[in-house]
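Take a look at the structure set out below.
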Amino acid sequence: MKFLSPIWLLLLLCVLALIGIYLLLQLRRKNYAARFTNVDMLAKVAPKRPGWRRHIAFALLVVGLGFTSMAMAVPASEVQVPRNRATICMALDVSLSMKATDVKPSRFESMKKSAKNFVDKLPAGINLGLVAFAGSANVLQPPTIDRNAVKNSIDNLKLDQATATGEAIFSCLGAIQNFEKSTKSSDGKPAPARIVLLSDGLRTVGRDNSTAIAAAKKAKIPVSTIAFGTEGATIKQDGETIPVPVDKPSLKQIADETGGTFFSAESASSLEKVYNNIGKQIGYTKEFQPITTRFVGIGLIFAFASAAAALFWTNRLL
């Protein structure tokens, strides 16, 4: 929590001053009472005070004034709100290694299901593009708010040979930059952009990762990566058993050097959680929203409680 107009917190000094004045008055009253020489007579003629209870009304009033003073400073709490604009390019690995069944029913089918759920959960204002990559990278869907178009493209994905990770990043960068050129924001600034790349294996063809990383850094577009699958997985290809381990180091390097976030998923459920986390990171932003009414309400409650205590326990309001 923070205060949007902290200068008004100086009013709390007035509350402290009021406390000081009250304490001085209590001390003065005590000294005045001590001047009576006949203490027994004083006890008979002076009305009985409710003891410590007579201070409750003032204590409640002070708390109420404190909250009211803080309300003047406009307290605000941090909340997550959907982004009203952003551009995301989702890059999905469709190399043959994705047919491995270490993740049931397969890496490929689990990826498609989780990717579509990710699409559904993004805020409406986010433009989402789709790139599929194997031996080459292809922009299947330029950034759009049409969620059905993206999901239909995911449904139509086909597996192919090789893994061009670097080319996937370049294709996403091109799709994002072309979209930014075709749209104009009210403030003239480009919308926040990010690439979300899922893969299970080492790059085998196309431009290397270092070149792609440099291009993403130059464009100031972070690349978040997901390493999907288990280490000991294999696939059958032309009668041979081929190991298809997950290449976590290179994917982590891409994320770390471009300012993105690296994730690892070894099951369908963990991939679902990863996509949910990514959605919260890039689909929402944190803002401070005023909660002044809460402080005003609390201040009023204490003020009314002070008045009630003064009436019922001390039989006077002032």
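Each Cβ is built from the backbone N, Cα and C atoms, and glycine gets one as well.
Here's what TrEMBL has on this protein:
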TRANSMEM  6-25  transmembrane segment
TRANSMEM  56-76  transmembrane segment
DOMAIN    87-278  domain 'VWFA'
TRANSMEM  295-314  transmembrane segment
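Distant neighbours of the transmembrane segment (295-314): 49-50, 53-54, 56-61, 63-68, 70-71, 75; these residues of the same chain sit at least 6 beyond its ends, with a Cβ under 8 Å from one of its Cβ atoms. Mean model confidence of the domain 'VWFA' (87-278) amounts to 91 (pLDDT, 0 to 100 scale).
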